[in-house]
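S.K.: Pulled these features from Swiss-Prot for this protein:
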type     : residues                     : note
ACT_SITE : E206                         : active site, proton donor
ACT_SITE : K339                         : active site, proton acceptor
BINDING  : Q164, K339, R368, S369, K390 : (2R)-2-phosphoglycerate binding site
BINDING  : D243, E287, D314             : Mg(2+) binding site
Amino acid sequence: MKARIESVQAMPIYDSRGVPTVRVRLTLTDGTAATASIPSGASTGENEAVELRDGDPKAHGGKGVLKAVSNVNDVIAPAVMGLEPWRQAEIDRLMIELDGTANKERLGANAILGVSEAVAAAAAKSAGLPLYAYLGGAGQARLPIPMINILNGGKHADSSLDFQEFMIMPVGAPSFAEAMRYATETFQALKSILKAKGHATSVGDEGGFAPQLQSNDEACDLIVEAITKAGYEPGEDIAIALDPAASSFHENGVYRLTRSGQGDKTSSEMTDLYRRWIDKYPIVSIEDGLAENDWDGFREHTAVLGEKIQIVGDDLLVTNTRFIQRAIEEKSCNAVLIKLNQIGTVTETVEAIHLCRKAGWGFVISHRSGETEDTFMADFAVAMGGGQIKTGSVCRSERMAKYNRLLEIESDLGKAARFGR
């Protein structure tokens, strides 16, 4: 007899910022058990699925998750009890129907995704398969190129940088293991450079350094210096990726680069700034270079820069097929950031990736700034065929857990493993 869902139990835990989040434990009738812990973001798109919080100012500043936990235990659990866990799409659709809203605001995406991921993880364990093989099929053997955050700014750090993330991509590495070596050596080189220049080497939410630099340009200069100091060739071995998170400094139609003192800019002027940077630095990817509602700006942005680099939509698209389809039709990007908790189920996330593939777009599987030790996204990245993964710096164990899981997967795959796009 095939195993069925026997119990579903949620509880509140804490993420990497000490903020409450949801953990779900799901047990099958064959004794298999699996858990899923859900992350949360600091910079969130206004069209994301709703992360349900309690709103009680007397507890965790209103950020408690007891409502979401209760929704799992009292609403979702009775509805999914007795169902077969490999019916992932059916279970996800059932939870969407139980919620009954367009953005999962009644039950909460944090509640629904916790169950969705736990169902997949339990089904894989029951089948005796690694999660990546269960979700993607036996032929999936491609490891993603990591986008590794080494300098933090914006909402992720208290620094003078307007832009949220400055990342490195080990594009010239022959394997994921070597990519991690390239990255860790560059990270340590940057740390020594910052120390020598008298900067603090404390880190931000995602593990990147957060020094008090004079400008966004200085951040890129330091990264190039670190790549070279580590013995690598900028652009050949290691490239740069940016996530300005431009919505965070966009006010009344103007981009205000106030932290770095670079003044106010229009959408066109921001695109021109990026164009100059691409000519000056080995930048291969820009995510959220403009604000989440600046669709006209993004069309120009992609028309000007899209032949040279990857233009990634995050807040603009929020892992939602409706917005991704619009962006494909309007040529507003050429890649999508994929966040499971932006849309709220495994099934809908897979559908978003299939739409990207159909359009010939790239995709980046992403963490959130408030993470947990859960490694679901690492397996998910391999299951979806590699692409790219963005899961923070080579620092802080909630980030390293994902990288170490990918190293384990590459080792298990042996000679069958492939790396990169």
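Each Cβ is built from the backbone N, Cα and C atoms, and glycine gets one as well.
So where do these features actually land, and what's packed around them?
M.R.: Around E206 (active site, proton donor), a 10 Å sphere centred on its CB holds 30 further CB atoms from the protein chains shown. When secondary structure is read from DSSP and collapsed to three states, E206 (active site, proton donor) falls in the coil class.
In sequence order, G41, D314, V318, T319, S366, H367, R368 constitute the residues six or more apart from K339 (active site, proton acceptor) in its chain with CB-CB distances below 8 Å.
Q164 ((2R)-2-phosphoglycerate binding site) carries neither a helix nor a strand DSSP state and counts as coil.
Cβ neighbours within 10 Å of D314 (Mg(2+) binding site), excluding its own Cβ and spanning all shown chains: 28.
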S.K.: Quiz question: given the binding-site residues R368, K390, which has the greatest number of C-beta atoms lying within 10 angstroms of its own C-beta?
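M.R.: Checking each of R368, K390, the winner is K390.
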S.K.: Which value in Å gives the longest Cα to Cα span across the (2R)-2-phosphoglycerate site residues Q164, K339, R368, S369, K390 as recorded?
M.R.: 17
S.K.: Inside 10 Å of the Cβ of Q164 ((2R)-2-phosphoglycerate binding site), count up the other Cβ atoms and send me the figure.
M.R.: 30
S.K.: Taking Cα atoms as reference points, rank the recorded positions Q164, E206, S369, K390 by distance from D243 (Mg(2+) binding site) and give the first.
M.R.: Q164
